[in-house]
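Take a look at the structure set out below.
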Amino acid sequence: QFFVFCHGLLQLSQLLVSGYLKSSISTIERRYGLSSRTSGLLASFNEVGNTLLIVFISYFGSRVHRPRFIGAGAILVSLAGFLMSLPHFLTGPYEFDKSVASTFSNTTDLCQPRPWGNLSDASCTPRASRENHEVLLVMFIAQALLGIGGVPIQPFGISYIDDFASERNSPLYLGILFSVTVIGPGVAFMLGSAMLQFYVDIDKVSGAEVQLTHGDPRWVGAWWLGFLVAASLVALSAVPYFFFPREMPKEVGEVLQVSLFALLLSGFPLVLLRNLRHPVYLLVVLAQVNISAMVAGLATFMGKFLERQFSLTASFANMIIGAVNIPGAMVGIVVGGAILKRFQMSLGRCSAMCVLGMFLCLLVAFPLLFLGCPTQKVAGVTYSDSSEFGHHELECNLQCSCPKQAYNPICGSNSIEYISPCSAGCRAVNIQEDTNSVLNYTDCSCISENGGFAAPGTCSTGCSHLFLPFVVLSCLAGILASTSHTPSFMLILRSIQPEDKSFAVGIQFMLLRVLAWMPGPVLYGSAIDTTCILWERRCDRKAACRYYDNTLFRQR
């Protein structure tokens, strides 16, 4: 029982490390200028290390000291977690365009009649571009290590428990572990929600220096802090594993153990062909591949989607996902299992239940295509006075010599957004004395209505009333879709020959990894990138996206 407790704790903290990345992905994109395609690849890269090794590990399962292997894997995972936060300590403080000169820089992005303190060219030193490569390299290595370290944890833990637990208790223990793996991502998103409320350079600058609020589009939260917390938890839960024995006396009731892999290797190609030719098995696995690819993509970018569509902070978006969407999916899985148990379903009924669940999910999810916000009006990007799209130079700020790359969005009194105070032709700024934060910008030549002033921050997309229906419907859709989780597993387990069972499940997970979990986030990220209308440029490379076409983003 102590082993089960330790293993639950370890699986939870391992999921914290891998799940936390998904919760802070939009923040990392903004901090290091990544496209969603790159961040999607990063998010799924841990599956690479995992997939390469999983076959070997399951093969050696019966011949090694399993607890020690689990402990070693956990230490790798915790190392990966610490590595993930390393870029924060390698790079300098986060720099953003400001109107108020600070101790860091004396540049300003107000309208200046002569070229003065040009922002864009100063920031591109060879060091800056090298720094970016180093950051990506460290993060990809960390993700690969995370995958490799995670390999022994689940298979060895489950087989160890199954070997030494009594027949009666084993399902209960495995059920506990399964529920932990489902809760894990929810906890990870809540951790993300908490950490992203702190400013990224909380360890490098004093509070007075930070002129950003949470809602500011330039705000970057302390993404690295969560990795330190999660990695420390993993390291703590790894300790007991080095003290468990290689074998335990079995809880009452012996059962014969046959080496799975001796059986496997003798008939490996035959079994493989027999299973893949089995239509039910193949179809169900393909269905699961499709839904898993969707879940993998959504889990990675759902937070970013909510932030952009409904103008939410990253912290709040994570809280919604961790507190509403993931628990909804858990409820669906439990309900599906309960219905199965209550009505002793045949295979035909199992598949009917899967079809019904997915069909209802489609019906509920269909309105989500329309529930969202239009893109805000951004002068010179999505909106110009000649009213057609296009990147016009605005006449009213020609005398300002604005830096190309300035990004400090403000919302004019005409409710049009400008990329920076300079592009709105603002010449003066009012500052609140005690906090050194910007109150408003005045004397803006591009804003004719109501006195020509502007407030800092983006204009809200102005459809917050659609947010609640969106959350309710997406949660419902998730519940309905996940009711088919257990019956689809039953279809696989019952439609194949008993001696192929564990092998068939192994192949299933392998296919899910290669066809769903790996490409899913990359495909989603690439699709999101196609809806970008304004890219930030860093050293002449495309960095993160500043503005998306919200309608296209939602539909794709």
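Cβ from N, Cα, C; glycine included.
In TrEMBL this protein carries:
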type: DOMAIN; residues: 1-556; note: domain 'Major facilitator superfamily (MFS) profile'
type: DOMAIN; residues: 390-445; note: domain 'Kazal-like'
type: TRANSMEM; residues: 40-62; note: transmembrane segment
type: TRANSMEM; residues: 68-90; note: transmembrane segment
type: TRANSMEM; residues: 135-153; note: transmembrane segment
type: TRANSMEM; residues: 173-200; note: transmembrane segment
type: TRANSMEM; residues: 221-243; note: transmembrane segment
type: TRANSMEM; residues: 255-273; note: transmembrane segment
type: TRANSMEM; residues: 280-303; note: transmembrane segment
type: TRANSMEM; residues: 315-340; note: transmembrane segment
type: TRANSMEM; residues: 352-372; note: transmembrane segment
type: TRANSMEM; residues: 466-493; note: transmembrane segment
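For the transmembrane segment (173-200), same-chain residues at least 6 beyond its ends with a Cβ under 8 Å from one of its own Cβ atoms are 4, 7-8, 11-12, 14-16, 18-20, 22-24, 27, 31, 88, 94, 157-158, 161-162, 165, 210, 212, 214, 219-226, 229-230, 299, 303, 313-316, 318-319, 321-323, 326-327, 329-330, 333. Same-chain residues lying 6 or more positions outside the transmembrane segment (315-340) and placing a CB less than 8 Å from one of its CB atoms are 23, 179, 182-183, 185-190, 192-194, 196-197, 214, 221, 302-304, 306-307, 350, 353, 357, 471, 474-476, 478-487, 490.
Packing against the transmembrane segment (352-372) from elsewhere in the chain are residues 287, 291, 309-310, 336, 339-340, 345, 463, 466, 469-470, 473-474, 476-478, 480-484, 487-488, 491, 550-551, 554-555: each is 6 or more residues past its ends and has a CB under 8 Å from a CB in it. Tertiary neighbourhood of the transmembrane segment (280-303): same-chain residues 22-23, 25-26, 36, 39-40, 43-44, 185, 189, 192, 314, 317-318, 321, 325, 347, 354, 358, 481, 484, 488, 491-492, 495-496, 504, 507-508, 511-512, 515-517, 519-521, 523-525, 528, selected by CB-CB distance under 8 Å and a gap of 6+ residues from either end. Note on the domain 'Major facilitator superfamily (MFS) profile' (1-556): its mean pLDDT in the predicted model is 83.
DSSP assignment over the domain 'Kazal-like' (390-445) gives 9 helix, 20 strand, 27 coil.
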